[in-house]
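Here's the structure, in structure tokens; my notes come after.
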Amino acid sequence: MPLPSRLLPALVLLLAGSPGGAWVPNHCRAPPDTVCNFVCDCGDCSDETQCGYNGASPARSAPFACSFEQDSCGWRDISTSGYRWLRDRAAAALGGPGPRADHTLGTDLGWFAAVGTHRGKEPSVAALRSPVLREAAPTCELRLWYQAASADVAELRLELTHGTETLALWRSSGPWGEGWQELVVAPGRVRGDFWVTFSATRNATHRGAVALDDVTFRGCGLPTPQASCRLGHHRCQNQACVEPHQVCDGEDNCGDSSDEDTPRCHGHIPTDFEMGLGLWHRTEGWTRNHSASVPARPAWPRRDHSRNSAQGYFLVSVAEPRAPALLYSPELQASGPHNCSLILYHYLHGSQTGRLRLYLQAQGPHAPRDPVLLRSRHGELGAAWVRDRVDIQSEHRFRILLAGQTGPGGVVGLDDLILSAGCTPVPEASRSPSGPWAPVPRPQLVGLQPQGPCEPGHLRCGDLCVPPEQLCDFRPQCEGGEDEQECGTTDFEAPPTGGWEDASVGRLQWGRLPAEESRGPGTDASGAAAGHFLSLQRAWGQRTAAARALTPPLGPSGPHCELHMAYFLQSHPQGFLALLVVEGGARELVWEARSSSSAWKADTVLLGQRRRPFQLEFVGLVDWEGPGQQGAGVDSVTLKDCSPAVATKRDTEVSCNFEQHTCGWHTGHLTDAHWHRVESRGPGYDHTTGKGYFMLLDPVDPPARGPGAHLLTQPQTPAAPQQCLSFWYHLHGPQIGTLRLVMRQDGKDVHLWSRSGTQGNRWHQAWATLHHPPDAGAQYQLLFEGLRDGFHGSMALDDLALRPGPCWAPKHCSFEDSACGFSTGDLWMRQAHATGHAAWGPRADHTTETTHGHYMIVDTSPQALPRGHAASLTSEEHQPLAQPACLTFWYHLSLRNPGTLQVRVEEAEQHQVLSISERGGLAWRLGRVAVQAQQAWRVVFEAVAAGVEHSYMALDDLLLRDGPCPRPASCDFETGLCGWSHLSWPSLGGYSWDWSSGSTPSRYPQPPVDHTLGTDAGHFAVFETGVLGPGGRAAWLHSQPLPPTQASCLRFWYLMGFPEHFYKGELRVLLSSARGQLAVWGAGGRLRHQWLEGQVEVASAEEFQIVFEATLGGQPALGPIALDDVEYLAGQRCQRPVPNQGDSVPAIVPATVGGALLLVLLVLLGLTGWQWLWKGGCPSRDRTVAATPGFDNILFNADQVTLPASITNGP
């Protein structure tokens, strides 16, 4: 299962460097047989670069990783069809079935390896192979993250090839979960050269979208020769050193097998099952088998441990709980109290109910009859052989009993049982008269053996059999509550440990220990020196994984569910102690110890409402062999108020300002991203007082990879047939996603409201009307869903209020989630082109500019709306206006004449304010209506048909703002963007311009004052270029479509706020039309931190848009580019300004978009010379004063002529 990456500073290596950088080898020449052997033989580790990973640290404990950010790390595609692997990123495959973000960065700018979708007629296999690797240690672990669409891929496979044998390390036919999934495999000891191959199989009907990221090799390097070994360590023949417990353990830890061929090992009794069972005996249930012909069980071991080969033999059992399989040793005698031990390698995979127990059965007439449980392993431990060691102390002769049992689909395996020299077989003549048989032990834990008439897994209490799904559901079924006793709540004084079971596979484990025997405070949490608690302790596993302890399956839980506990963590910075929730194969971090302390501390963790089944998991890691007495412990664990039936008075409080608490709102657990109640600080401030509390969704604090988060209420009873929910929201940042309000009723979700993209650095008010069915018993839930696009931006909510009655008409409507209360009649329809009912209409909406975006449309064809007939679209009542306002809307008319679109404002009486009857086109156009209303009013859009076939009218993005309507493409930004669109373009990286003021706190740098007012209260448009990188090249702010013009003047003021000696930022003005884009003006950051005037004269023979492009010429650097007082003077030529001291005023250059073909030919003829002058001949030439600026960036799509382009296709 995946472990949240922020937990593991000791297990995860963060790779640095530019994503676009290339590997440059140094002059170190390591011997060929030491290259790619997981050991840094060169001082800079250059011999371990391009090995399927990039060596970044010479430390032996550091992992070797490949994030694909710099390059492919030597991985290469070996596919033989069009179904192939390539290095890719999400932004380069817009709209495809692949990942929306990589795993390393969690954004669409990160890189990964992916299989391009391919629709062939035959099954295909895409294979990605590592370079040749050498000599993997027994502790080697390979981790990677993959993503696959279950409907697109037939099979995924990870294979290791060495010599003539290819081993299947992992194979899966799905289904796979959503998002990135972690895969962890243990290749084991591999001698000589080998390579790893990750392959995806696509059926003829599948597209086969698969992605791979963050490949990490950990613990794979063999020990290197040392001048001397630490006291007690074993010195290998190759001068390397290994730990004492690695000698005679059945694994080649030295690399030359000298740790397994030493006089210390001569008295050991190993059994590898290659030739039989050796001294061991078995009952029915255990089978000696191998992996060469794997039965139809996905969990079956793919190789044995002894030979690490599919041809090697092992012991395997698929025994059900009713009849455990039993393996028992001969009668043994310990030669001393501390020198008899058993090393074994076990395998538990495929079932959460699998279990392996090791018992000691004393022999002889005076020996105890009941077997003593020495070790129990339970649950899913992964597809790997796990080492364990059991030390045996017995005055009597004894047998060792190994009992294995599993659930459906599970497998239990054994291999390499090694009895130490102190375990002496008793001669047959001296054995106990009871013979070779020993009684089958009865498991001591409840629920695994049939209990009277109850089925396996059921719990019997009195006459009741409690099924497994009702155990630990926080609702007692038994009178004495036995079904809720082993469910996590415990003080660890009684041996059952409250249901917590160790699931560790590494060198640390969790165990119940007396306080005086464990590392730590010396007492339990209550202060008792004789008390017990759950403590980290030394284990015998060969891997470096963290220790894990899990509860049984729990739930469902209610929103008030909390875990109370005491803990201590005494560790250096690389250690940690954390609590995770395991649910549906995913592991969510819900708590982490904040600091190291040897004293007990108390804490409370809100678990919240969760579906069944989920498990709680304590994860801990310390440097056991490091300096100081490092350790960790947990005590006094209590699960409180976890029943879904638990209710509080606050559950009905929907109205909330979050100053005291979250009222009736609680966090959902859709992903690892969560809403948090936070206090105003720095750039984050609440709406109520500016200093209080609010709800915040920030994807970087703490880091989260989930696509979104839920904030929801408990089920509510309607107080009226209609209710109005008003709230204040804050969406800010250059790469923010969507905030949505949903009402959940009778199992259905009704979308009430949504906003996408940045809405400026300020709080906005919104409201939505809740319509309830007549059935008074129907309850509902409200849910705010935040869906993110990246890591740059945050969402916030504050001051929610619910009242009876309908809301006023909304000030903003995008039609994405509803018709916003408009009365549509029978003719206007809300639709998206991809799923719409109308056979014609705009191919994309205006809000999202995609085929999935929604708009309102009316069919004006004669059969739908006869000539001269009208179809009305009427809003709900708007509240009276305290000052004049401007209502803007975007409309789209068909190329065939649809008729006339009339706009009326209805107050005390109707009056028409606008009539549109122009020819249609391919673009959305902006309409404006000045509104003055001292009473409640409505707006009516009326389509009067012209009687033309295949004609339509469409509306989108209505917005009511205070103040008069500005001129087209002109804006002082005091009340908003005035129709300038800041929609993020995925092809440019998905970033947006924002809107802010100097007085508003912001996490991003911005000008202290605007240009219009010259104060910090004034507003401006701004973009922070520091978020740009190799995947995100620019952000666009573009005007409404403008009519053709022979000469018009564009004036504006701009500010570049870059650090000293860092002039990488650039602001450019583009003209965009159907023929392409033309750069007509540009300025770099030479003059900083002051408002400068810019102007350019434009001309176009066809409809066009003005685009302001903020871009970056080098590595990211914090620095804003801001705009203010944009003025478009239609039909007026520019007057050359008088330059101020220090100003850099560009030359006035007329520019025409879509000129004659002769111009194109002239440009082509002069291109070579121009490029020489621009880039080579005159390196000091200033772009802003060039005679013909921007012509090296022209894209003439219609003429099929493409010149060097740093500008991607636009809207």
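Sequential numbering from 1, following the chain as shown.
Just so you know, glycine gets a Cβ as well, placed from its N, Cα and C.
Computed from a predicted structure; not experimentally measured.
Positions annotated as signal peptide by TrEMBL: 1-22.
Annotation comment: TrEMBL describes 64-222 (among others) as domain 'MAM'.
Per TrEMBL, disulfide bond is recorded for Cys229-Cys241 (among others).
For Cys236-Cys254 (among others), the entry in TrEMBL reads disulfide bond. Less than 8 angstroms from the CB of Cys236 (disulfide bond) sit Pro223, Val242, Cys254, Gly255, Asp256, Ser258, Asp259, each of them six or more residues away in the same chain.
If you look up TrEMBL, you'll see 269-425 (among others) marked as domain 'MAM'.
Among the features that TrEMBL reports, disulfide bond is placed at Cys472-Cys487 (among others). Listed in sequence order, the residues of the same chain lying 6 or more apart from Cys487 (disulfide bond) and placing their CB within less than 8 Å of its CB are Leu471, Cys472, Phe474, Gly498, Gly499, Thr551, Pro552, Leu554, Leu639.
The region 'Disordered' annotation in TrEMBL covers 477-501. Same-chain residues lying 6 or more positions outside the region 'Disordered' (477-501) and placing a CB less than 8 Å from one of its CB atoms are 376, 378-379, 445-446, 459, 461-462, 464, 466, 470-471, 510, 512, 524-526, 531-534, 549-552, 554, 563, 616, 618, 635-639.
According to TrEMBL, the domain 'MAM' annotation covers 488-644 (among others).
The domain 'MAM' feature in TrEMBL is assigned to 654-809 (among others).
Marked as domain 'MAM' by TrEMBL: 811-967 (among others).
TrEMBL lists 969-1136 (among others) with the feature domain 'MAM'.
What TrEMBL records for 1147-1173 is transmembrane segment.
Of all Cβ atoms in the shown protein chains, 25 besides its own fall within 10 Å of the Cβ of Cys254 (disulfide bond).
Of all the Cβ atoms in the protein chains shown, 25 others lie within 10 Å of the Cβ of Cys472 (disulfide bond). Considering other CB atoms within 10 Å as the measure, the emptiest surroundings among the disulfide-bonded residues Cys229, Cys241 are those of Cys229. Summed and averaged per residue, pLDDT over the domain 'MAM' (811-967) gives 89.
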